[in-house]
Amino acid sequence: MVSTHPVAFLKGHGTENDFVILPDPAGELRLSTETVARLCDRRAGVGGDGLLRVVRSAAHPEAREMASEAEWFMDYRNGDGSLAEMCGNGLRVFAYHLVRSGLVPAGDLAVATRAGVRHVRASASGGDAAGRAADGAVTVDMGRAKQLDGAVTVTVGDRSWPAYALDLGNPHAVVFVDELADAGALRTAPAVAPVTTFPDGVNVEFVVRRGERHIALRVHERGAGETRSCGTGACAAMVAAARRDGADPALDGSGVTYTVDVPGGRLVIAEEADGRIVMTGPAVIVAEGSLNAGQFGF
Ligand SMILES: N[C@@H](CCC[C@H](N)C(=O)O)C(=O)O
């Protein structure tokens, strides 16, 4: 039987990577692929690149083992309803929501994700009074990037580029292009070969250099299409840029910081001397209310 009970939701974004947020502390909502896709639909639903379910780790089978370290689990879904391991922009918005709604105090907190526990420093004010994002509101420790073995090629139309294959908890192929327009309209996913490097699909970043330690990118996200930003993608692009610029903490023992421009704003990303990737950027809540549950098949 279809539920007619109202279901609470919020809508938020980080550098315009936007999310439907579903508070579900006890893990009671049944979220099918179809329900998530409907909620994220920009015409028939609320609209979003993805969905963040806010559930206590102890109440979720995928997070129970992390419950002693992290009280809350970010159950992330892409806009098409598929599961993803990590979402960097989502993590900032998730943490800001926890602080804003009084579920955790402002400051340092640990969040469970499918890629493991991530550490966040969240302030109590994610956006300014006009609802626009304030830079520097939330800082997340994204862990270490893993470079994947083997040569990878990204193709769009009749153009191909060699790619950096990186794992930031989720998979990324990063290519350097002359102009961001070289990626074309990005209405379909770029071809990435060999598929064996990314058996579960991949997010693809197209990157240009803007200046000293400064890059800009466009991204095609697995499960969402082209988006205005991708936090893990920006971190992957930063690491690829650092390697291309000859910076590598594993070799020179010192950290490096890049400004990363995305279509929806700006992120500041550091690779620390110990190899941890630390991303700082905005988190904004733009709406909250209740869903007509029957419309979404909860
Ligand atoms: N936008 C996110 C990444 C979301 C998941 C991605 N589409 C995937 O399937 O891996 C981010 O900010 O990192």
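Residue numbering: from 1, along the chain as shown.
Just so you know, glycine gets a Cβ as well, placed from its N, Cα and C.
Please treat TrEMBL annotations as automatic predictions, because they have not gone through curation.
The model shown is predicted, which means the values in this text are computed figures rather than measured ones.
For the substrate site that TrEMBL gives as Asn17, Asn78, Gly88, Asn89, Asn170, Glu221, Arg222, Gly231, Thr232, the extra residue drawn from Asn203, Asn292 is Asn203. Residues listed for substrate, Asn17, Asn78, Gly88, Asn89, Asn170, Asn203, Glu221, Arg222, Gly231, Thr232, cover a largest CA to CA span of 16 Å.
Listed in sequence order, the residues Gly50, Ala84, Met86, Cys87, Gly90, Val219, Ala224, Thr227, Cys230, Gly233 complete the 8 Å Cβ shell around the substrate site centroid, once Asn17, Asn78, Gly88, Asn89, Asn170, Asn203, Glu221, Arg222, Gly231, Thr232 themselves are left out. Cβ neighbours of Gly88 (substrate binding site) (same chain, under 8 Å, six or more residues apart in sequence): Gly14, Val140, Met142, Leu168, Cys230, Gly231, Thr232, Gly233, Ala234, Cys235, Met279. In the three-state DSSP assignment, the secondary structure recorded for Asn170 (substrate binding site) is coil.
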